[in-house]
Every structure is written in structure tokens, then in C-alpha cells.
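Residues annotated as transmembrane segment in TrEMBL: 20-38, 58-80, 101-123, 143-162, 174-191, 197-219, 258-277, 283-301, 322-346, 366-384, 391-410, 416-439.
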Amino acid sequence: MKKRYLEIVKAISGLKNNSVVKNIIIVGGITLLIKGVGFYKETLVASSFGLSELLDTFFIAFIVPGFISTVFLGAFKSVFIPNYVAELETKNNIASFQGTGFFVTAAVSALFMAIAFLFTDTYLHVFFPDHTPEYYGLIKSQFYYLLPCIAFWGFSSLLSGILNIHDEFRYSSFESLFIPIAIIICLFFFKDSLGENVLAIGTLIGTVASFIFLAIICIQKGLLNISFPDLKNVNARIMFTQVPAKVSSGFLTGMNTIVDQYFAAQLIVGSIAAINYGRKMPAFLSGLLIIALTNVLLPYFSKALAKNKEKTFKTMFKMLKLLFVSVSVCVILGIFASDFLVELFFERKAFTSDDTVKVSDIQKIFLIYLPFSICGMVIVNFLTSINKNAFMAYVSLGALILNIILDYILMQYYGVFGIALCTTIVIIAKNLVLFFYTYKQSKLT
């Protein structure tokens, strides 16, 4: 018994001295603060708009900018980090590599902003047909404010990635604080003057403020050293070869949200908002870990794999065991407390008791996939660091096809709850496939 106690004490002491664990705790703590502010913002939005048409149109307006940011710019950041680390290891021209990263981000942002602007009407009438001109007008007026966010999100993602590589996790973690604060300020003081665009304008203001904050920190830390891009650089070439697969994976994954929104739009007004509110609590819980893990682990895996591949595999599997058990316990507690939590945080003014029942049931379904999605994020970071993006693209394609089929079938029987059930099934299946593939890769080392 005493020996076992000493082993536990030794293990805890080892964790306390582990820089990776420390960084995860630091980022997790900051993220908890930010998520708290974000969650308060959501309760404020809920009390102001309920499950209304205005909120539906804001979520629709946000789909394309958010999709572009996550799929294309987020994917580029993921392949930028391991190859930036490789550039640091080889002590080549890091200034030129930074220049390449910002050049590609600017070009991609400009291209997709132009495409999104030109094809907005076509997109709306194809994916969200049979609505009134006023409905489409609401979407477009908000969309035009959200469109510039794409470029700022892209540059911010690279700046935060550079900070993470240099272990400046505290500063990069604060970038998410600006959007909820800006929206809260707009709702309190400028709701009447900004009118129907209050959420979109608040998002734009917060996005610009976040970019300025990250740029100032990077300059103060001496981390920005940009020169003319060298597209023939060895690590830049490797990065470019990984971009199509990573973008494809992100594109196909992001399409799941659009598919869900498309099918939800076929149901009664408020269904899109119900789906989004049902995701709030799971997103709050998962966000604490996913942001911390993603910010810390991708640079860590990229560095550790270069030194000892076998040991890094073992470390990753230990993380998965601990995470799965811990998150599963939280999920069980969350399911039992779901009704109470939705009523506590959302039920006021325009958000009725009927809305509470619907959102709570959706939330319970979404909570089930949390252990799989959080562990899956660790696996995705690991596979990205060993450039297995092509396999993840194939898995994402299979998941999208399954999502479309199950959305269509389950919606016929269970309505908006069928869409939530489909999402849970697809996420679990996808992450199980990634786990078994990673386990197989570990046997090849």
C-alpha cells in the first residue's frame, strides 16, 4: 500500500514538473476565463433574441466566413506549425518562411473573400430556398460585415501559431477574448443604433482587436521577422504538398456543419438556432480542453517526434486513456444536469420554457460524443505532426457521406433531434477510425 502511495506521489510530482502539462494547465485556465465570458455572451444573446429569425440569419451569415476560416486558413496553420519547427531546427531563413506564410494567407483570404462575395445570392437560394426577400436581406446585411473577418482571422491564426511555437501560450490564448467582449459591449450600449447587424458588427470589432493584440505581442517579443517569400525553400515545399490533403480534410469536416444547417433549415423556424444552442454547453466543455491541447500539443508533437518517435507514441496513448475516462465522467454529470443548466443560463425573456426542453434534449445527444471528439483532436494533432493528412482527408470524406445519409433518414423520424443524433454517430465513428489507424502506425515504429 505504501509503495503504491509513493508511486502516485512520484507520478503527480512528475506531472508538476512536466512543461507540457504546465502549459496545458495555463492555457486551460485562461480558456476557462474566456469561455466564461463567451458563455455569458451567449446567455445575453439568448435573452435578447431567443430562437428567432434574426438569430437564424446571423448563424447562416456566419457559415461561409467561419467555414473558410476553419477549413482553409485553419488547415494552413496546422501544416505551417510543424514545418516552421523544422525550419527552426535546420536554422534556415526563418524570416523568408514567415513571409511565405503571410503571403499565402493573404492570397487565400483575398481569393475566398471574392468568391464568397460574388456567389452569395446563388449560395443562399440553393442551400436555403423558399424564404422571403426580407429573410435573405437580413442574411446579406450581416454577411457583409462578417466578410472582412476572414483576412483578420487568417493573419491572427499565423500570429498565434508563432507564439505557440515559442511557448508564449498565455498571450495566444487571449485572442478569443475580444469577440465576446465586443459583442457584449455592442448589445449593452449600441443595440438600438446598430439594429439587426449588432452581432455581426460586434464580431468584426472583436476580430480586428484580436489581430492588433497578437501583432503587438509578436512585435514586442521580437518574433516577427518577415522577408520576401522563398517558395523554393525545402520546408515550404513540404508544407505545400501537405496543404491540399489538410484543406480537403478540413473542407469535408466543415461541410458537416453546413449539411446540418441545410437540413435544419427545412424544419420549423428556430431549428438552426436550437441546434446551435444545443452545442453551446458541449462546446464550452470541449473548448477548455481542445483549445489547450491543440495550442500546446501540435508544437510539442512536432518537436518530440524528431527526437524519439516511439516514446512520443506511448505518451500520446497515455494522454488518450486519461482524457477519455475524465471526460466521460463529466459527460455523465452533464447529461443529468442538462435541463437545469439550460434553464439557468438561457431561459429568460424571449427564450421560453419550451425552448429549454428542446435545447436540453439536443444538448444531451451532443454531450455523448465529447470523449470521442476531444480524444480525436489529440489524434488529429499527432497525425498532422507526422504528415498523415491524406488519410484524414479520406476519413473526412467517408464521414461527410455518412452524415448526409443519416441526416436525411433520421430527420424524417426525429426532426431536429435526428440531426443531432446523426452528428453524434458520425463523430464517434470518425474518431474510432482515426484511433485504430494511429494504433496501427505505432506498431510500425
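Keep in mind that glycine also has a Cβ here, set from the backbone N, Cα and C atoms.
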* To do: May I ask for the residues of the chain that lie six or more residues beyond the transmembrane segment (143-162) and have a Cβ under 8 Å from a Cβ within it?
  => 61-62, 64-65, 68-69, 73-74, 76-77, 80-81, 84, 98, 101-102, 105-106, 108-110, 112-113, 116-117, 120, 172, 175, 197, 200-201, 203-204, 207-208, 210-211, 214-215, 217-218, 223-224, 295
* Structure fact -> Between the transmembrane segment (58-80) and the stretches 258-277, 322-346, 366-384, 391-410, the largest tally of CB pairs under 8 Å belongs to 258-277
* **Long-range environment of the transmembrane segment (101-123) - Cβ separation under 8 angstroms, sequence gap at least 6** => 64-65, 68, 72-73, 76, 80, 84, 136, 140, 143, 147-148, 150-151, 154-155, 157-158, 226, 229
* With Cβ distances under 8 Å as the criterion, find the stretch in 258-277, 391-410, 416-439 that has the most pairs with the transmembrane segment (366-384). => 416-439
